Amino acid sequence: MQELNMKNSLDANMVQMSANYCLVYVAISAALFYRLGTHFLPMYIPYSVVEKNKQWLFKNICNSFVHSFISSIWIAFCLWNYPAHRYDFINVYSNQSYLLLCFSVGYFLYDFLDMLVNDRDSSFHLLVHHLVVVGVFGVAIYSRYYLGYAMVGLLVEVNSVFLHVRTLMRLTGNAQTSPRIYRTVCWMNFVTFLVFRIYLLAYLTHWLFSHRAFLNTTLFIFTLPCLITINVMSWLLLFKITVEDFSTPLLAVCRALGCHQWVDSIEKMVAAAAKEATSTTAGLAGGVSKNEGVHMTSDEKISVNDKLEGAIMSQLYRSDKIENEKTYVSDKIEGARSTDEDVQIEGAIEKTYVS
């Protein structure tokens with residue numbers, strides 16, 4: 001009996017040690033993303049983003065892209081190196097998958113706080129999503145079970161890579177300057193969305209129902225509404241992306257099926273998206289003076305002011321240079337005129353003497 005109690009105590013200590021270490025890993029991950037967003041990315045904000053006053057959004061999406069890109073490669077390594085994760089979603093453990101989940105939870109926590117401070121009103125759905133993901137992944141990290149299930153669920157980040165590239169191209173204006181690349185990204189985003197979000201989340205929901213007898217009842221009751229929430233959000237996002245990127249064929253299908261209400265709704269959404277795109281391409285003065293719905297930190301304001309001052313000084317320098325060139329040309333013309341007049345006067349004097 002004493003040996004059994006000692007074994008239970010050791011198991012409890014191992015779980016507690018796991019929790020302590022995971023907090024350290026999560027904190028390191030969150031600190032790295034904070035450092036990336038506040039110290040590194042501000043140095044590489046394109047001027048077209050400054051014109052639209054979207055510096056915070058640019059940094060936030062770049063952070064999300066970095067997480068998606070690293071996570072996608074990391075997941076591929078784990079599934080290749082530990083194929084048991086593909087067959088046993090509950091019991092298989094590996095250090096690589098454990099660290100991957102800690103890395104992702106750190107990102108989601110940082111991104112949650114970042115949006116909560118800077119863009120709370122328009123990011124409510126993402127705040128809910130991040131809370132759900134942190135809750136599900138947190139159970140797997142703390143218990144060291146269900147790592148395979150959580151890691152397969154993280155495969156949605158494969159789609160997020162193209163989703164964030166698409167958003168960055170729209171934000172920086174590259175969607176207009178490189179239309180072929182943008183259309184390719186849109187198609188890749190659409191295909192990966194269907195595979196890694198719609199199908200994958202449906203599969204995870206089916207797996208949860210079919211294996212509910214092997215799961216803790218409390219865990220099942222907690223995970224099921226989380227999955228349903230993410231599924232609904234994914235379908236809504238898919239509809240939004242389809243309307244924005246493939247409105248013409250979508251309208252043709254709706255008209256062929258006689259869905260006139262859908263046609264009206266889609267046309268309104270397309271008009272709203274076009275209006276938003278037009279407003280985001282406004283000039284530098286309008287974008288900075290309006291500041292609609294954008295919350296800028298003091299560092300961002302200093303950065304904008306510096307770039308504005310630089311643009312103004314550059315314009316003044318060009319104006320001074322043009323004025324100097326005009327003065328130089330005028331002096332040359334006056335000099336040429338005076339020279340011609342002197343020559344003409346000398347010629348007249350010579351003619352007078354000769355006569």
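Every residue, even glycine, has its Cβ placed from backbone N, Cα and C.
Remember, predicted model here, so these are calculated numbers, not experimental data.
Restricting the average to the domain 'TLC' (53-248) gives a pLDDT of 93. As annotated by TrEMBL, domain 'TLC' applies to 53-248.
Marked as transmembrane segment by TrEMBL: 18-36 (among others). Tertiary neighbourhood of the transmembrane segment (18-36): same-chain residues 62-63, 66-67, 98-99, 102-107, 109-111, 141-142, 144, selected by CB-CB distance under 8 Å and a gap of 6+ residues from either end.
Here the transmembrane segment (57-77) has Cβ contacts under 8 Å with residues 33, 36-37, 41-42, 45-46, 49, 96, 100, 103-104, 107, 110-111, 114-115, 118-119, 151, 154-155, 157-158, 160-161, 163-165, 167-168, 171-172, 294 of the same chain, all six or more residues outside its ends. As annotated by TrEMBL, transmembrane segment applies to 57-77 (among others).
Sequence-distant neighbours of the transmembrane segment (97-117) (same chain, 6+ residues past either end, Cβ-Cβ under 8 Å): 22, 25-34, 37, 60, 63-64, 67, 70-71, 74-75, 78, 82, 85, 123, 126-127, 130-131, 133-134, 137-138, 140-141, 144, 147-148, 150-151, 154, 295. As annotated by TrEMBL, transmembrane segment applies to 97-117 (among others).
Residues or ranges marked as transmembrane segment in TrEMBL: 124-143 (among others). Long-range contacts of the transmembrane segment (124-143) within its own chain (CB-CB distance under 8 A, at least 6 residues past either end) are made by residues 15, 18-19, 22, 26, 98, 101-102, 104-105, 108-109, 111-112, 115-116, 149-150, 153, 219, 222-223, 226, 229-230, 233.
The annotation transmembrane segment is assigned in TrEMBL to 181-202 (among others).
For the transmembrane segment (214-238), the list of distant contacts is 90, 125, 128-129, 132-133, 135-136, 139, 146, 193-194, 197-198, 201-202, 204-205, 208: same-chain residues at least six beyond its ends, Cβ to Cβ under 8 Å. Among the features that TrEMBL reports, transmembrane segment is placed at 214-238 (among others).
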